[in-house]
Amino acid sequence: MAEHAPRRCCLGWDFSTQQVKVVAVDAELNVFYEESVHFDRDLPEFGTQGGVHVHKDGLTVTSPVLMWVQALDIILEKMKASGFDFSQVLALSGAGQQHGSIYWKAGAQQALTSLSPDLRLHQQLQDCFSISDCPVWMDSSTTAQCRQLEAAVGGAQALSCLTGSRAYERFTGNQIAKIYQQNPEAYSHTERISLVSSFAASLFLGSYSPIDYSDGSGMNLLQIQDKVWSQACLGACAPHLEEKLSPPVPSCSVVGAISSYYVQRYGFPPGCKVVAFTGDNPASLAGMRLEEGDIAVSLGTSDTLFLWLQEPMPALEGHIFCNPVDSQHYMALLCFKNGSLMREKIRNESVSRSWSDFSKALQSTEMGNGGNLGFYFDVMEITPEIIGRHRFNTENHKVAAFPGDVEVRALIEGQFMAKRIHAEGLGYRVMSKTKILATGGASHNREILQVLADVFDAPVYVIDTANSACVGSAYRAFHGLAGGTDVPFSEVVKLAPNPRLAATPSPGASQVYEALLPQYAKLEQRILSQTRGPPE
């Protein structure tokens with residue numbers, strides 16, 4: 001789209017699993033430009049499906065690093081062809097799919113610092129990587145390395161207290177350990193290891209960008225309290241790892257000015273600042289403008305909770321990261337697998353496949369459901385690890401079935417009580433100023449949101465998050481420009497469009513759920529102990 005009056009702006013990038021996307025946001029925080037490149041469609045020569053290669057073992061999942069480089073070439077050329085005015089860009093930042101790692105070959109820094117504006121990036125960087133297909137977040141091939149890492153630091157809980165999460169197969173430290181063990185030659189030829197986020201930032205900087213605290217928290221390597229690499233974790237993964245990673249930086253740091261390559265080839269101003277890139281989940285927290293005490297609930301195929309925490313309590317479930325917009329605070333992520341598909345199943349079975357009847361069932365049943373509680377996990381749940389359907393009546397006796405309308409309320413109340421219990425297990429507390437931001441498919445259903453407001457005893461707002469990682473990256477660019485750690489993020493984004501109020505707690509809700517929540521938690525423990533057998 002051609003530009004008319006010049007608009008000073010910041011760019012927000014997102015290097016996600018299936019595409020690279022960019023938005024331009026002006027000083028009034030309006031998104032006025034967006035563009036994207038879809039890997040499968042626009043770069044078919046790499047042969048990806050959903051942006052990745054799934055290997056024969058079904059566990060190893062990688063993406064070609066040059067595909068990401070070429071996607072950046074294409075998107076910049078598209079912007080140039082559309083008449084985008086690069087001279088107005090004050091700063092840029094971005095997001096990357098979390099946990100993925102890129103291995104720069106010895107000598108790559110030299111190539112990055114001496115890019116010729118006459119050639120595209122991928123023509124100049126094709127020999128710069130010691131691993132051409134990089135492990136990404138969908139990879140689950142590192143179980144052995146996870147066990148080694150946990151053993152090295154005294155167990156899963158000890159690792160979680162140190163790094164914010166127990167060992168997960170997709171987390172970067174375990175992926176690095178696998179590469180060192182299986183491909184020691186490639187590892188020894190690697191001079192720098194980047195996350196997808198810091199790799200993308202390096203392309204814009206024309207030199208290696210540091211890893212930021214927030215995305216660095218998804219590696220099982222960063223001590224989240226001290227914001228330094230854990231020597232015990234580094235040593236358990238691979239030798240000489242600290243020098244290949246370099247020290248991490250606060251997420252709002254200006255890491256440098258844009259490379260002269262972009263000034264000469266595209267017309268960026270030489271003073272355009274690059275603000276540290278971060279992970280896509282932390283960038284989404286920025287895009288949704290979460291503040292202290294807030295919680296975001298994404299109600300999709302799986303349900304995800306984003307929490308803003310002051311005093312985290314790392315556990316064997318969920319993930320705690322350094323907060324991307326306030327380095328003194330934290331954020332947590334909790335994933336629940338049984339989301340919208342479970343809601344659809346119960347709708348189909350209980351209320352004749354109709355969402356309006358589903359809503360009527362919620363309206364016609366009382367808060368607390370007369371003490372009837374249910375757990376609905378048709379696929380093995382992550383939080384907690386339970387499968388199956390479990391229903392309990394007022395006396396806490398297991399029952400085989402509920403009437404249709406009771407079943408609907410038991411499902412929705414149960415899903416939200418589980419979210420509150422597990423959030424509080426990580427140190428989250430509902431505050432008087434707490435807002436809940438709801439996104440995803442079920443956020444269009446007013447009655448579902450009413451139950452959410454009642455269970456958490458907090459107002460629920462709905463927000464459009466189609467580009468939340470991109471928009472959050474542009475907001476973070478403005479934040480870095482304004483002085484980062486010295487200026488509250490909320491001050492920088494106060495002009496952004498406000499979310500819409502969708503539900504407020506019903507009178508008496510807090511008393512009902514204060515009584516039910518401990519009961520629900522006890523029943524969850526009961527099911528867990530029955531499915532696991534007695535503790536060892």
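Backbone N, Cα and C define each Cβ position, glycine as well.
Sequence annotations record features per position, and here Swiss-Prot assigns substrate binding site to His99, Arg170, Asp280, Asn281. Mapped onto three states, the DSSP output places Arg170 (substrate binding site) in coil. Under 8 Å, Cβ to Cβ, and six or more positions away along its own chain, Arg170 (substrate binding site) finds His99, Val136, Trp137, Met138, Asp139, Ser140.
The ATP binding site annotation in Swiss-Prot covers Trp355, Gly441, Ala442, Asn445. Non-local neighbourhood of Ala442 (ATP binding site): Leu299, Gly339, Ser340, Arg343, Ile448, each in the same chain, at least six residues away, with C-beta under 8 Å from its C-beta.
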Worksheet item: List, in sequence order, the same-chain residues at least six positions removed whose CB sits under 8 Å from that of Gly441 (ATP binding site)?
Response: Leu299, Gly300, Ser340
Discussion item. Please list, in sequence order, every residue of the chain apart from His99, Arg170, Asp280, Asn281 whose Cβ lies within 8 Å of the Cβ centroid of the substrate site.
Written reply: Gln97, Gln98, Gly100, Trp137, Asp215, Gly218, Gly279
Discussion item. So if I measure Cβ to Cβ from Asp280 (substrate binding site) and keep only same-chain residues at least 6 apart in sequence, which ones fall under 8 Å?
Written reply: Asp14, Ser16, Ala95, Gly96, Gln97, Gln98, Ala469
Discussion item. Taking the Cβ of each of the binding-site residues and counting other Cβ atoms inside 10 Å, which one has the highest number: Asn281, Asn445?
Written reply: Asn281
